[in-house]
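Down below is the structure, laid out as structure tokens.
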Amino acid sequence: MTEWLISNQFTDYNHSVKFMEAKIQQIYNNLSDELVWLLQHPPLYTAGIGATDDDIIEKLFPIYKTGRGGKYTYHGPGQRIIYLMLNLKKRNKCDIKLYIRDLSNWIINVLKHFNILGEFKEDRIGIWVNNKGVEEKIAAFGIRLRKWVTYHGIALNVSPNLSHYEGIIPCGLKDYGVTSMEKLGVKVSLCELDDILKQEFHKIF
């Protein structure tokens, strides 16, 4: 069984990491159900294991080092953070590439509800949209596994202040931009979005 937790207040980043680390240990020991956690962070940057100082342009917000994959990304209001704590071993899916593909298909299917065509790129993890001939990222992935239990996850841009990305080179990809559902003309509440996330999740996971 997979539980869902929705946090309506901004969640401190360090608190979220400590929570996830405790939770995945419980899941591994069969002391807790799997969990999908939906939240928002206050404005901040996170540095994945591939992050370098070259990707920082200006320190507009606090920077948190984290053990997830990837480089620098931004988190803040108007962005739906999706942290997934799933036991891939119990699901007989001990395949990281398959997990990333499943995450991608999930978000692509969610975006279809809003007439947004999301795309998965093998060489650029995340979900991309073609906005007037320009490829822009609408959802960033940063995952980590411990004993085949996942944590960290997805940042989906609903209506964030996109200028906040200007302090970094997002995911180390300087030739590509970022976008949001709002920028693409879609206005949706997080509550509405969460309902679709749940609906589509159960079709893949």
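In case you wondered, yes, glycine gets a Cβ from its N, Cα and C as well.
Annotated features in Swiss-Prot:
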{"type": "ACT_SITE", "residues": "Cys171", "note": "active site, acyl-thioester intermediate"}
{"type": "BINDING", "residues": "Arg68, Gly69, Gly70, Lys71, Tyr72, Thr73, Tyr74, His75, Ala140, Phe141, Gly142, Gly153, Ile154, Ala155", "note": "substrate binding site"}
{"type": "DOMAIN", "residues": "30-205", "note": "domain 'BPL/LPL catalytic'"}
{"type": "SITE", "residues": "Lys137", "note": "site 'Lowers pKa of active site Cys'"}
If you measure between the CA atoms of Tyr74 (substrate binding site) and Lys137 (site 'Lowers pKa of active site Cys') and round to the nearest Å, you get 12
Near Tyr72 (substrate binding site), how many other Cβ atoms are within 10 Å of its Cβ?
-> 25
If you measure between the CA atoms of Tyr72 (substrate binding site) and Lys137 (site 'Lowers pKa of active site Cys') and round to the nearest Å, you get 14
For Lys137 (site 'Lowers pKa of active site Cys') and Gly70 (substrate binding site), determine the Cα separation and express it in whole Å.
-> 14
Just how many other Cβ atoms lie inside 10 Å of the Cβ on Gly70 (substrate binding site)?
-> 23
Three-class DSSP secondary structure - Arg68 (substrate binding site) = coil
